[in-house]
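Encoded as structure tokens, the structure appears first; notes follow it.
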Amino acid sequence: MKTLLLTLVVVTIVCLDLGDGLICYVDSKTSRTCPPGENVCFTETWCDARCSLLGKRVDLGCAATCPTAKPGVDITCCSTDKCNPFPTQKHR
């Protein structure tokens, strides 16, 4: 009986460990499991010289902490699987 209980505890711990990786989008169609220690998905958008023609530039990915916003850069962060989809661009 003790062996069965110990086996169940070990299996539970192993199963919980395997499901820890956060899944974030890294481009408009691709997502990946973040490496250990990176528990935040981010979306970073900004305008460059081609913004009026092509829309805002977009970076997606995983991070350990939410990146610090810089002037002219919008950043959103979240911590659930696939919570950072590629933003829809407004056509001009």
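Keep in mind that glycine also has a Cβ here, set from the backbone N, Cα and C atoms.
Secondary structure at C24 (disulfide bond), taken from DSSP and collapsed to helix, strand or coil, is strand. Swiss-Prot lists C24-C41 (among others) with the feature disulfide bond, giving similarity to another entry as the kind of evidence.
When secondary structure is read from DSSP and collapsed to three states, C34 (disulfide bond) falls in the coil class. Within the same chain, residues at least 6 positions away in sequence whose Cβ sits under 8 Å from that of C34 (disulfide bond) are G21, L22, I23, C24, C41, C62. As annotated by Swiss-Prot, disulfide bond applies to C34-C62 (among others), with the evidence given as similarity to another entry.
In the three-state DSSP scheme, C51 (disulfide bond) falls into the helix class. Long-range Cβ contacts of C51 (disulfide bond) within its own chain (separation 6+, distance under 8 Å): R57. The disulfide bond annotation in Swiss-Prot covers C47-C51 (among others) and is backed by similarity to another entry.
Counting every protein chain shown, 14 other Cβ atoms lie within 10 Å of the Cβ of C66 (disulfide bond). Following the DSSP three-state reduction, the secondary structure of C66 (disulfide bond) is coil. Residues annotated as disulfide bond in Swiss-Prot, with similarity to another entry given as evidence: C66-C77 (among others).
There are 17 other CB atoms within 10 A of the CB of C83 (disulfide bond), with all protein chains counted. Feature annotation from Swiss-Prot assigns disulfide bond to C78-C83 (among others).
Residues or ranges marked as signal peptide in Swiss-Prot (evidence: similarity to another entry): 1-21.
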Spacing of the two Cα atoms, C83 (disulfide bond) and C77 (disulfide bond), in whole angstrom, works out to 9
Residues near C78 (disulfide bond) by Cβ (under 8 Å) yet at least 6 apart in sequence within the same chain, in sequence order, are V40, C41, N84
Row C62 (disulfide bond), column other C-beta within 10 angstroms, all chains, value 22
Cβ contacts within 10 Å for C77 (disulfide bond), all chains included, total 15
